[in-house]
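Per TrEMBL, the features are as follows:
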| type | residues | note |
| --- | --- | --- |
| DOMAIN | 28-172 | domain 'Casparian strip membrane protein' |
| TRANSMEM | 31-51 | transmembrane segment |
| TRANSMEM | 71-99 | transmembrane segment |
| TRANSMEM | 111-138 | transmembrane segment |
| TRANSMEM | 164-186 | transmembrane segment |
């Protein structure tokens, strides 16, 4: 047997060398998108929590509260979870700017980021769509089922709910861009592996 050491040189562009490379553009854009997502979802939660109104009628009081609608409860839960995730992801993105490496710099981190972003975006779209359906019925009613509109009694409640839903859809847009950014990082890493 020979005592000569064997040196294994990894192929150029192999995935695992990626974590030593820093892509400031991706990290900076990732941080901005995370902060925008956090801001939009926080606004959605706060505005929906403020969506409460009581209106007196000759037949009694008419109350509009987010607590009375399961879709609005799911809306608050989903937006809160995405807000917490966006804040944590923003901290990671900020650290990746400082440390010059981050989750979008190697394949494992990019895959995890892509999958979690995709799941969070799906939950956010689900919650915003369910809340939008309730808001549309509240504003327009539905004649064939006998559901009457009630926004003419509690217009402030409906306006707040509508504003929260718009903020949530904006947050979804930013989160979808974050998902595309992670997919772009995966593409870049795969290209580097092949070349």
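Backbone N, Cα and C define each Cβ position, glycine as well.
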Within-chain partners of the transmembrane segment (71-99) [C-beta distance under 8 Å, separation at least 6 from its ends]: 22, 24, 27-28, 30-31, 34-35, 37-38, 41-42, 44-45, 48-49, 51, 105, 113, 116, 120, 123-124, 126-128, 130-131, 133-134, 161, 164-165, 168, 171, 175, 178
Number of helical, extended and coil residues in the domain 'Casparian strip membrane protein' (28-172), per DSSP: 113 helix, 14 strand, 18 coil
